[in-house]
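So the structure is just underneath, and the comments pick up after that.
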Amino acid sequence: MESEQLYHRGYCRNSYNSIASASSDEELLDGAGAVMDFHTTEDDNLLDGDAASPGSNYVMSNGGGAPSSTTHLLDFLEEPIPGVGTYDDFHTIDWVREKCKDRERHRKINSKKKDSAWEFTKSLYDAWSGWLVVTLTGLASGALAGLIDIAADWMNDLKEGVCLSAMWLNREQCCWTSNETTFAERDKCPQWKNWAELILGQAEGPGSYIMNYFMYTYWALSFATLAVCLVKVFAPYACGSGIPEIKTILSGFIIRGYLGKWTLLIKTVTLVLAVASGLSLGKEGPLVHVACCCGNIFSYLFPKYSKNEAKKREVLSAASAAGVSVAFGAPIGGVLFSLEEVSYYFPLKTLWRSFFAALVAAFVLRSINPFGNSRLVLFYVEYHTPWYLFELIPFILLGVFGGLWGAFFIRANIAWCRRRKSTRFGKYPVLEVILVTAVTAVFAFPNPYTRQNTSELIKELFTDCGPLESSQLCQYRSQMNGSKAFNDNPNRPAGPGVYAAIWQLCLALVFKIIMTIFTFGLKVPSGLFIPSMAIGAIAGRIVGIAVEQLAYYHHDWFLFKEWCEVGADCITPGLYAMVGAAACLGGVTRMTVSLVVIVFELTGGLEYIVPLMAAVMTSKWVGDAFGRQGIYEAHIRLNGYPFLDAKEEFTHVTLASDVMRPRRSDPPLAVLTQDDLTVEELQSTINETSYNGFPVIVSKESQRLVGFALRRDITIAIENARRKQEGIMLNSRVYFTQHAPTLPADSPRPLKLRSILDMSPFTVTDHTPMEIVVDIFRKLGLRQCLVTHNGNVLGIITKKNILEHLEELKQNTEPLTASWYYHKKRYPASHGSNGRPRSRVHHVQLIGSFQDGRGGDDSEEEVHLLDGSNR
């Protein structure tokens, strides 16, 4: 499967062994295969001044040195090496490096804008390019959303019949011009023919029912099969919701092609087919993916964003806001969704541009008017009755149901997706889609609430009963003649139609719960917002009718006596459906603020924000009691994407030395020296290892850190030097210093790679608590962090190492003992408690010093501290 292939090709490629326990820091140092002598040597003088130490064969000037805050991240050449600074597929970007590149570009533009009118125009273009790209993204997102809505409605009605006068019209549009459609017979429309009338010539009877049943299943299977085949052949990345991958990409991960033009085209087409097939899915989540594809494509028109991955992600954050804006008709909710749910880096200017993109997208969709109701969504409703204090009890109960449903769905869906990945069944995605579609169509057709489009179902459940409603849910008995009638009293005894509708809704609830679990994760575009809202709306409507009838028959109870007088306006069942929809969606996604804003923008009911907040917070609390991960975070973890969730708390007490590599069972730490390597030795190091970067040190004797060089940059720089510079040979000296070392006259031309050296890599000491390290990785978006002691390199921590460590800690419910971490001054095992290095001879481990008695009191204290005992 595609996500599994991505997992093995990228994040888990060349994976280390599982984290092995080590009894001391000494073993970590010995595992590196080199003795780290912390005594000051003459090599240290090379770091402290420009002149070389006496007796040195090199003439150096600022060849290394500890990084300072004023040091630039990159020492740019006048002509930068092409390709340096770019990233391979399935790798993580360096946020700090990208931001530094953008600042350098901005300074360069500002310094030249006063030179000429052309330079001033270029500076204006650069300043306005951000607004231009989000404007284009909003226009494209709104247009595509309108096209998808219109096409999905037409193809959904195609399963039941066709308009003879104009085949491109759906049923509602076909009947607009009918003169025979009246209030009493609103379903009568001669222009619209179902398939039984067209094929058999009869509209009633068992034969027509079977024919309509068969055609409904046939069209559903045809749409679903075509969708999965298009995805499999042309764009495997077009499947699923896309939000887990969007979150991972916005966190800095590179997935080439996921936001490309082919993915956009296939996702747009197959989304229409998947929605029309009747599967238990929605188009709202995939619309975020579609909008991000538009943002990614338009960003390549502007060098400011095409050449900087961090800046490109600002456009993608704005695009995700536009996607939610057109999906729900909620521009403000879209901005909050981007901020709360998907964005990793969200500066203030991105907030403004996200708001503008959502505004433009909503304006375009409103201009298209795909639903013909002058609204942005199909199920826009307005309530005219207030809610009362006692109703908070059923609202909170709906929140509890939403939290329980969310926890159950996440566990069940993840278990099924994991089984799909680990069994042969996952190797046949087309067959799986056909089977799920067949089961869905066969069981959905007999029930009118599962046969209709899910958005139309939500609209019917949200809508309050009135004289213009013909739904079974509104078949109340009149108190005067007992017939089907409507009066001014909102609380009426339920008629037979209402009770029949409740039973059908109960069956629909069970059907939706089961099928949504098996549908989300299929190899077709599949959103989760609408199915979750439908489940909550069904449960909420049932609860609302129950409370309404309870208030009618027991209006003298103390709960209803003060508010629900006989004949008074009291209970609104549609409001309960809206609250239930918000609760279930919140239980699945664990959204809070953005969800409440989206729902009240959907309904226009600002006065109902308190019930919505109560239900959403209750669903989140109940869901968090079973696990803090939402469905998108759970799928990120299932697919193995390198994503550090900011919502997770790091409660264990471990140190950087516990997580860093190399460990005892790992190969030695691969390092480069600053001026005594040859091209052949450097290429050998690159070919024999699979690491993405290498620490650069002064020499193998001192291990003092100079900087960090990326594998990709080294490879590109060597290839570029061989093409453009003469005299570069295998025995050419490679140096990362400012000035070339003094070489014999017959030596080949040396190769300077200082321009690709990161002179200020992020470093932590070996005693830095991991909670601080994890915070640094989350907030700065680091790819790796070097671990040092007194400036000497001990190891390296990557995002992958942190994820492995977090996974290991989740499996061990007991936190590591912390009795010695914060009560004693800490030193590595190679040092005594006084901070002085212990004597070391030929890789003698710490345990050897205990056995032969050289450890003395210091050794005994060290053993006492490591054991974590308190005396």
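Just so it is clear, glycine is given a Cβ too, placed from its N, Cα and C backbone atoms.
Those TrEMBL annotations? Automatic predictions, nothing curated.
The compositional bias 'Basic and acidic residues' annotation in TrEMBL covers 854-871. Positions annotated as domain 'CBS' by TrEMBL: 660-726, 757-814. The region 'Disordered' annotation in TrEMBL covers 848-871. The transmembrane segment feature in TrEMBL is assigned to 128-148, 216-238, 259-279, 315-339, 388-410, 430-449, 501-522, 534-555, 575-600.
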Worksheet item: Going by DSSP, how much of the domain 'CBS' (757-814) is helix, how much is strand and how much is coil, in residues?
Response: 24 helix, 19 strand, 15 coil
Discussion item. With contact taken as 3 or more Cβ pairs under 8 angstroms (pairs 6 or more apart in sequence), are the transmembrane segment (216-238) and the transmembrane segment (259-279) in contact?
Written reply: yes
Worksheet, complete the sentence: Within the same chain, the residues 6 or more beyond the ends of the transmembrane segment (501-522) and with Cβ under 8 Å of it are 228, 239-241, 279-281, 405, 409, 412-413, 416-417, 420, 429, 432-433, 436, 439-440, 443-444, 447-450, 457, 471-473, 475, 528, 531-532, 534-535, 538-539, 541-542, 545, 631, 635
Fill in: seg_contact(the transmembrane segment (388-410), the transmembrane segment (259-279)) with at least 3 CB pairs under 8 angstroms, min sep 6
no
Discussion item. With CB pairs under 8 Å as the measure, which of the listed stretches 259-279, 430-449, 575-600 comes out on top against the transmembrane segment (128-148)?
Written reply: 259-279
Worksheet entry | Residues of the domain 'CBS' (660-726) by DSSP state, where helix covers H, G and I | 24 helix, 17 strand, 26 coil
